[in-house]
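Right, one structure below, let's go through it.
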């Protein structure tokens with residue numbers, strides 16, 4: 001009895017060991033990316049920590065820019081003054097600073113106005129100041145917007161993808177932006193009412209392609225030129241650093257046109273989203289019909305197969321009957337010959 005109990009205990013222990021080994025092997029099995037599951041979980045945790053850190057840094061600097069506005073104005077004032085004194089190097093440095101400011105939610109309009117003011121003071125030529133300032137600002141804004149889009153896509157795109165699968169309206173809007181990304185981006189870039197920094201991150205969480213998003217950035221050119229021109233009309237450094245300017249009638253026209261363009265962009269997105277929803281519903285109906293159709297089609301097919309099988313059996317039966325009659329006839333003929 002003790003020996004039997006020891007044997008059962010050993011078998012039980014061996015069974016547990018095999019189960020544990022199987023679990024370890026399963027955990028160590030490579031996933032499609034080529035990493036074990038434990039490594040993948042570890043990487044997921046690291047990824048989320050990085051995402052949270054990025055969000056906290058950006059939010060912290062954005063809040064600082066709002067709360068400590070006087071210090072930010074002093075920083076801008078020093079930089080604009082430096083650009084005025086270094087007109088050759090200033091355009092290249094402005095591009096880098098504009099990229100950083102875009103990602104960190106620092107208002108770009110101050111840099112745009114400051115570029116117009118600084119280059120006009122340095123070159124003493126309004127046309128040259130507008131050209132150099134506009135090119136520098138637009139390049140910095142473009143690269144900054146692309147970088148901000150990538151940050152937004154890295155931080156939130158996976159979560160947004162799950163929401164678009166759960167809610168059809170989100171999926172339709174996401175599909176609309178993916179399909180009409182260039183037109184939408186171009187229209188909204190033309191409007192000065194759309195928050196530039198926030199728009200970059202919002203586009204990052206959509207499925208818009210980099211090509212369409214970048215080409216849509218051409219819509220920033222008119223606004224950049226106008227605000228650089230406003231900067232050339234500023235008379236003192238303090239107004240340029242604080243973003244104070246008097247655009248007059250031109251500014252009013254720009255705001256009106258921007259409002260109309262923003263409204264048209266919203267209508268356009270709504271129309272495309274409704275179109276995408278109709279496509280999704282139509283596709284679902286087709287799938288439902290295709291799922292129901294095989295049952296209706298298979299029934300006559302099965303009946304046809306049954307009829308064919310019955311005919312084949314009748315033919316085989318007739319062939320067997322005929323061969324049997326031939327055999328009997330031959331047998332009788334042989335018997336007659338023998339007799």
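The backbone N, Cα and C atoms fix where each Cβ goes, glycine too.
Computed from a predicted structure; not experimentally measured.
For reference, TrEMBL has these:
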REGION    1-39  region 'Disordered'
COMPBIAS  1-10  compositional bias 'Acidic residues'
COMPBIAS  11-26  compositional bias 'Basic and acidic residues'
TRANSMEM  45-67  transmembrane segment
TRANSMEM  88-110  transmembrane segment
DOMAIN    106-232  domain 'VTT'
TRANSMEM  130-156  transmembrane segment
TRANSMEM  213-230  transmembrane segment
TRANSMEM  250-273  transmembrane segment
REGION    284-339  region 'Disordered'
COMPBIAS  287-301  compositional bias 'Polar residues'
Original post:
Which whole number is the mean pLDDT over the domain 'VTT' (106-232)?
Top reply: 86
Subject >> Helix-strand-coil residue split for the domain 'VTT' (106-232), DSSP-based >> reply: 111 helix, 0 strand, 16 coil
